[in-house]
Amino acid sequence: MAAAARQARPAAGAGALLALAVCLLPAVARAQLRVGFYDTTCPNAEALVRQAVAAAFARDAGIAAGLIRLHFHDCFVRGCDGSVLLTVNPGGGQTERDAAPNNPSLRGFDVIDAAKAAVERSCPRTVSCADIVAFAARDSISLTGSVSYQVPAGRRDGRVSNASETVDLPPPSSTAKNLTDLFAAKNLSVEDMVVLSGAHTVGRSFCNSFVGRVWNQTATPPAAIVDAGLSPSYAALLRALCPSNTTQSTPITTAMDPGTPNVLDNNYYKLLPRGMGLFFSDNQLRVDPRMAALVGSFAANETLWKEKFAAAMVKMGRIQVQTGTCGEVRLNCSVVNPTSSSSSSIELPSSAPAVDEDAIATS
């Protein structure tokens with residue numbers, strides 16, 4: 001019997017290694033995402049998420065932009081695995097949620113928790129937090145822009161969240177090359193990047209993300225400036241709003257699209273040539289010739305942009321997903337499952353390859 005046990009241990013180890021190898025194959029994970037994933041196991045899952053988002057939107061229309069951004073920030077760090085939702089990292093250290101790019105600006109966690117609670121009451125231990133984030137983003141897009149698309153589901157939740165990995169998120173100070181490289185690392189094209197940047201047509205930003213465009217804070221005393229590509233009149237408005245001593249903790253915000261801040265439309269692209277791109281990175285889209293051509297195209301054709309935006313959201317939602325026995329289905333979106341209650345799961349390393357662009361479904 002002891003000999004049999006000794007033989008079983010290597011076999012089990014080999015099985016774990018094989019499972020890990022499968023988890024590392026992006027094509028395998030991508031193939032396991034499908035529209036209607038919960039049709040049998042939890043047929044009302046998407047409706048329950050939609051109800052939670054609609055209820056939150058009725059109280060605060062701005063929450064929609066927060067939920068769209070939450071999905072983006074989840075997918076760009078370790079893939080679309082709900083890691084941005086974690087408040088505790090089992091391995092210790094600060095989580096993504098508490099890192100500077102996310103705290104205090106990222107929001108919508110309470111909506112995800114409400115949706116998860118509703119889904120758990122209906123279908124316990126079935127629907128992942130990562131999928132709920134993807135559904136909530138889609139529903140937010142529908143509420144603000146009347147854009148409908150289907151979300152391939154089947155993502156599993158990760159068990160790791162490291163603040164240090166938020167370097168994968170494009171900062172508002174990004175150059176055109178920075179943006180191109182950061183999106184390319186996720187196998188997203190320049191067009192995908194320009195399309196997804198259009199989400200800046202909804203939501204608000206803290207002063208700290210753009211204060212350097214209107215104040216030279218290194219001068220003594222701080223001096224008023226107008227950054228290249230910024231309209232002087234718009235700069236004056238921003239300067240009047242944001243004090244020269246703005247820091248990460250300054251609570252003042254402004255709409256990223258002053259005209260239609262809660263409507264997902266193509267106004268973002270119309271504002272860029274007028275010098276009203278709020279971030280330095282926004283202005284880069286009009287400086288780079290390839291990007292500027294796309295900006296002009298989307299400014300002229302809202303229907304075209306919305307079609308491409310829906311497709312790009314689906315594509316982004318496939319980045320480094322965990323499926324099958326990889327990851328887990330969290331019981332509480334903010335903490336990983338206790339080991340004793342987790343189904344067998346395997347965690348992807350942070351260096352797992354990004355999903356490629358071949359055979360990406362768009363509906």
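Backbone N, Cα and C define each Cβ position, glycine as well.
Automatic, uncurated: that is what TrEMBL annotation is.
Looking up the ranges 164-188, 314-338, 339-363 in TrEMBL, the one annotated as region 'Disordered' turns out to be 339-363.
Recorded disulfide link (TrEMBL): Cys42 to Cys123, out of the candidates Cys75, Cys80, Cys123. Here the candidates are Cys129, Cys207, and TrEMBL names Cys207 as the disulfide partner of Cys242.
For Cys80 (disulfide bond), the count of additional Cβ atoms within 10 Å of its Cβ stands at 30 [all protein chains shown]. In terms of local Cβ density within 10 Å, Cys75 ranks first among the disulfide-bonded residues Cys75, Cys123.
Between Arg69 (site 'Transition state stabilizer') and Cys75 (disulfide bond), the C-alpha separation comes to 10 Å. Cys123 (disulfide bond) sits 42 Å from Cys207 (disulfide bond), taking the C-alpha atoms as the reference points. A straight line from the CA of Pro170 (substrate binding site) to the CA of Cys42 (disulfide bond) spans 35 Å.
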